[in-house]
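Below is one structure, written out as structure tokens; the observations come after it.
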Amino acid sequence: MLGARLRLWVCALCSVCSMSVLRAYPNASPLLGSSWGGLIHLYTATARNSYHLQIHKNGHVDGAPHQTIYSALMIRSEDAGFVVITGVMSRRYLCMDFRGNIFGSHYFDPENCRFQHQTLENGYDVYHSPQYHFLVSLGRAKRAFLPGMNPPPYSQFLSRRNEIPLIHFNTPIPRRHTRSAEDDSERDPLNVLKPRARMTPAPASCSQELPSAEDNSPMASDPLGVVRGGRVNTHAGGTGPEGCRPFAKFI
């Protein structure tokens, strides 16, 4: 009985000691803070410019002055000191080739898509490839990481919390709804695309043969109405070309 109580007291004392140690030595890494597990933007800056690392859908990696939906990242811890960085919108892993160029990939390769994270004395974070030893950088110059060195400015990052409304990450892509090409009423319900009917003379309604020259009528001697000055009796039933009224034909 006494031994059981003693074991309980020892367990309680150990738990209290562990809590006090954690409070005395908090982990200052932004990866393990309150923002861990949420959306993070990696921010880097110089005296002239500032950028947020973003991974596009085509795998291109660059920087944006402000937070964008493509600069929202998920940083997940793998082993001790190693992280995996993923673009939220592009759904691509941040990877590095043997020349130190960073890119986004849909396929995870432990050798190319894992980075070692270290916090510098100035509070900035650096990420370098354990395979190629190059630093993750938005600058053109690619440099390897050496302990105690001063890394280039565009390879030093600060983790910033996401300030973009979450609804921008859930907006569906517009899709074109296709209908049957035979259903004209659904395709153009307001008849906007249909051409309007035009009034054009139908040549067949006015194709009358000219009177024969053997006929003694005035129309026979002057079929075109040149001598008569084009004056014909319009009440005669429209026997001449001037009296022909073409019918409307819709085309």
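In case you wondered, yes, glycine gets a Cβ from its N, Cα and C as well.
Of the candidates S180, S212, Swiss-Prot records phosphoserine for S180; the remaining residues carry no such annotation there, which does not rule it out for them.
Considering T178, T234, the record held by Swiss-Prot lists T178, annotated as O-linked glycosylation site. According to Swiss-Prot, of the residues T171, T200, T171 is the one noted as O-linked glycosylation site. Within 10 Å of the Cβ of C113 (disulfide bond) there are 22 other Cβ atoms, across all protein chains. For C95 (disulfide bond), the same-chain residues lying six or more positions away in sequence with a CB closer than 8 A to its CB are I102, F103, G104, S105, D109, N112, C113.
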